[in-house]
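Per TrEMBL, the features are:
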- H115: active site, pros-phosphohistidine intermediate (ACT_SITE)
- K9, F57, R85, T91, R102, N112: ATP binding site (BINDING)
- 1-138: domain 'Nucleoside diphosphate kinase-like' (DOMAIN)
- T91: phosphothreonine (MOD_RES)
- S122: phosphoserine (MOD_RES)
Amino acid sequence: MEKTFLMVKPDGVQRNLIGEIVARFEKKGFQLVGAKLMSIPKELAEEHYGEHKERPFFGELVDFITSGPVFAMVWQGENVIATARQMMGSTNPKDAAPGTIRGDFGLTVGKNVIHGSDAPTSAEREIGLFFKDTGLVEYSKLVNEWVY
Ligand code: IDP
């Protein structure tokens, strides 16, 4: 089953949005297989956002993501990578449709509430980075018979 890495960013944690965000993915039918509240060490932040190293906002991005705790999660389900991106909405909340997480809860690109892997390769890489030590929880849910 496909898996993706999602993370409530420090602004989402401070604004008490963890429960709201978890509820959306649960209600959709996806299954939580890993979760932890954590502070991101600077080195992990730089590696996670490595593709943006040369961008002018890189320093700001690393400072922000390490500025307070995040809620890191792994969710699984059919087509979860692309569907979670749709549920998150566009990177810049001003372009994100109402009904999406960024559309409903964000105003600026720097504080856009949630991160989600954008492709199978990044999902695998990010799950490895954040859940290497803790691992994931493999389990089956009877409700899946009514989802699939
Ligand atoms: P994504 O989070 O939707 O995948 P990316 O392009 O991978 O978007 O950018 C990573 C993060 O960097 C975004 O979520 C956003 O918070 C931040 N970011 C992107 N562009 C800018 C910018 O122009 N200024 C400040 N932050 C930015």
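Numbers here mean position along the shown chain, with the first residue as 1.
Note that Cβ sites are derived from N, Cα and C of the backbone, with glycine treated the same way.
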Just the number: how many Å between the Cα atoms of R102 (ATP binding site) and the residue listed as 'phosphoserine'?
20
List the Cα distance (Å, whole number) between K9 (ATP binding site) and the residue listed as 'active site, pros-phosphohistidine intermediate'.
7
If you check the binding-site residues K9, T91, R102 one by one, which have a CB less than 6 Å away from any atom of ligand 1?
T91
Confidence summary for the domain 'Nucleoside diphosphate kinase-like' (1-138), mean pLDDT rounded:
98
Of all the recorded positions here, T91, N112, S122, which one's CB has the most other CB atoms within 10 A?
N112
Proximal residue to H115 (active site, pros-phosphohistidine intermediate) among recorded positions F57, R85, S122 (C-alpha distance):
R85
By the count of other Cβ atoms within 10 Å, pick out the sparsest of the recorded positions R102, H115.
H115
